[in-house]
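*Asks:* Here it is, the structure in full.
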Amino acid sequence: MRAIAAWFFIFCYLVPSVFAQLRHGFYEGTCPPAESIVGRVVFNHWDRNRTVTAALLRMQFHDCVVKGCDASLLIDPTTERPSEKSVGRNAGVRGFEIIDEAKKELELVCPKTVSCADIVTIATRDSIALAGGPKFKVRTGRRDGLRSNPSDVKLLGPTVSVATSIKAFKSIGFNVSTMVALIGGGHTVGVAHCSLFQDRIKDPKMDSKLRAKLKKSCRGPNDPSVFMDQNTPFRVDNEIYRQMIQQRAILRIDDNLIRDGSTRSIVSDFAYNNKLFKESFAEAMQKMGEIGVLTGDSGEIRTNCRAFNN
């Protein structure tokens, strides 16, 4: 399993958002129990496994930053047709069984009505709240995409510079504060494998006790993993920003955020104000969930999230 909440795979190319026809309560007339069904499925999985939040956060991020939030990441590859899942950095994305279960239940109650893209959005939102994060509304009405091509996946690694990150987020209208909220918010839960932060283990600026701990943890076989948030690894809170200030960031991008003059004050604001962080993270998630969405007659409503209808 690769890094559970690898939001550090910052994107290179993003498409403009399409906001038309998305609205709160989109399914009130066609499938009233849609959001409650998804919420119940998510809770049942989260109650057994608290890493569900990290898994769904990563899933939504990796889906939305590649040609928009259209559930293209959910398509299974075949021998004749590879998909976004075929790309190495998507190999560790998990939680698909949660989406499958919700979709199966929804098809029994409201056939061909609720999109897989909306299920991912609702499920991620609910998992964040379960992990102590902000509760927020999301607009629905997304359609599922008709394309899932490995060549569309343009992802950078965890050593990306702040300047590169700012440029990428700016291309879709995200400001610096929103970027910091998304990166830190994604890293407040989940793990990173040792191969992804070898540069940090060698960094003398890292907290010496943590560096010694990481060296010991990474001696094991099969690329061991460690929590990115060493103090509250299953809670969506502002603790990750406190650790950045204390030179305890696991990933290079997180350490860069506190060292770069354009983001340092934002990290500090979030570190000492959990309410501010939660509000900013909720707003960032709402905005990210509307990147490049398909609405109206575009795309389709899949009956199986892992395969196109035709």
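Glycine is no exception: its Cβ is also placed from the backbone N, Cα and C atoms.
Annotation source Swiss-Prot lists signal peptide at 1-20. Feature annotation from Swiss-Prot assigns disulfide bond to Cys31-Cys110, Cys64-Cys69, Cys116-Cys305, Cys194-Cys218; the stated evidence is sequence analysis. According to Swiss-Prot, the feature N-linked glycosylation site maps to Asn49, Asn175. If you look up Swiss-Prot, you'll see Asp63, Val66, Gly68, Asp70, Ser72 marked as Ca(2+) 1 binding site.
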*Asks:* Any idea what the Cα distance is from Asn175 (N-linked glycosylation site) over to Cys110 (disulfide bond), rounded to a whole Å?
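*Replies:* Cα-Cα distance, Asn175 (N-linked glycosylation site) to Cys110 (disulfide bond): 38 Å.
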*Asks:* Could you give the Cα-Cα distance between Cys305 (disulfide bond) and Asp63 (Ca(2+) 1 binding site), in whole Å?
*Replies:* 13
*Asks:* What is the total of other Cβ atoms whose distance to the Cβ of Gly68 (Ca(2+) 1 binding site) is within 10 Å?
*Replies:* 23
*Asks:* Please classify the secondary structure at Asp63 (Ca(2+) 1 binding site) using three-state DSSP.
*Replies:* helix
*Asks:* Give the number of CB atoms, excluding that of Asp70 (Ca(2+) 1 binding site) itself, located within 10 Å of its CB.
*Replies:* 29
*Asks:* Within 8 Å of the Cβ centroid of the Ca(2+) 1 site residues Asp63, Val66, Gly68, Asp70, Ser72, which other residues of the same chain have their Cβ?
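*Replies:* Surrounding the site, in chain order, are Cys64, Val65, Lys67, Cys69, Ala71, Leu73, Glu84, Ala117, Gly145, Ser148, Gly292.
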*Asks:* Asn175 (N-linked glycosylation site) has how many other Cβ neighbours within 10 Å of its own Cβ?
*Replies:* 13
*Asks:* Are there any residues at least 6 positions away along the chain from Cys69 (disulfide bond) with a Cβ closer than 8 Å to its Cβ? List them or say none.
*Replies:* Gln60, Asp63, Ala117, Val120, Thr121, Arg142, Met288, Gly289, Glu290, Ile291, Gly292, Val293
*Asks:* Work out how many Å separate Cys218 (disulfide bond) and Asn49 (N-linked glycosylation site) at their Cα atoms, rounded off.
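*Replies:* Rounded to a whole number, the Cα-Cα distance is 24 Å.
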*Asks:* Reduce the DSSP letter at Cys218 (disulfide bond) to three states and note it down.
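*Replies:* Where Cys218 (disulfide bond) sits, the three-state DSSP reduction gives coil.
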*Asks:* Among the recorded positions Cys31, Asn49, Cys64, Cys116, Cys194, whose Cα is within 10 A of the Cα of Asp70 (Ca(2+) 1 binding site)?
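*Replies:* Passing the 10 Å Cα cut: Cys64, Cys116.
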*Asks:* Where does Cys116 (disulfide bond) sit in the DSSP three-state scheme?
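*Replies:* DSSP assigns Cys116 (disulfide bond) to helix.
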